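Novice: OK, Swiss-Prot features for this one:
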type	residues	note
DOMAIN	14-160	domain 'UBC core'
ACT_SITE	Cys98	active site, glycyl thioester intermediate
REGION	164-209	region 'Disordered'
COMPBIAS	171-199	compositional bias 'Basic and acidic residues'
COMPBIAS	200-209	compositional bias 'Basic residues'
Amino acid sequence: MSSQYSNVENLSPQTIRQVMRELQEMETTPPEGIKVLINESDVTDIQALIDGPAGTPYAAGIFRVKLTLNKDFPQTPPKAYFLTKIFHPNVAANGEICVNTLKKDWKPDLGIKHILLTIKCLLIVPNPESALNEEAGKMLLERYDDYSQRARMMTEIHAQPAKCAAGAAGDSKDDDGPSTKKHAGLDKKLQDKKKEKLLKEKKRMLKRL
């Protein structure tokens, strides 16, 4: 899912400065519900935490997303992935995100902030017509209650704050870099409490079945 190498050396100094400036602005004045995670050693590897929007099955969850800039950025769009597992029509099994902004509607003057806001909006209004997860797309259209319950359960299992804090800053899999170790032990007590809450919620859901 992630690139094996950095594209920093392939980007123009102007593009690097532009990306760093935008990331620093978002760090200072973050968009509502979005926290950018800056990797100063590789601006082509951008991660952010997105709060699940209220009133959706993703509410109360925190989702880690990753943008990977290619050497032709901003002439071509970055790749976008959910590193946090999620049940959503427009997110593939490998986490890749399908949204028109990153495909046919891409424009070079669209910035990182716009992309992250678009991804957040996708949590509010999924597009089942261009589903990468066909099961989720069909369920959303035909059995919304089942879709909502499935998405909510995935959120409770995978998108809790402690899990996001423990996620790898470089990748969702086998990255043992300094950032991973730095976050891996955060808030163990909070994580234990979330596990207890999840078990109680599962019991309640089983009773309703």
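For all residues, glycine too, the Cβ spot is worked out from N, Cα and C.
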Novice: Taking DSSP three-state, what's the residue listed as 'active site, glycyl thioester intermediate' in: helix, strand or coil?
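Specialist: Its secondary structure by DSSP: coil.
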Novice: Using a Cβ-Cβ cut-off under 8 angstroms and a sequence gap of six or more, which residues of the chain neighbour the residue listed as 'active site, glycyl thioester intermediate'?
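Specialist: Once residues fewer than 6 apart are set aside, the residue listed as 'active site, glycyl thioester intermediate' is near Asn90, Val91, Ala92, Ser130, Ala131, Leu132.
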Novice: Find the average pLDDT over the domain 'UBC core' (14-160) in the predicted model and report it.
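Specialist: A mean pLDDT of 95 is what the model gives the domain 'UBC core' (14-160).
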Novice: Using DSSP, how many residues in the domain 'UBC core' (14-160) fall into helix, strand and coil?
Specialist: 58 helix, 25 strand, 64 coil
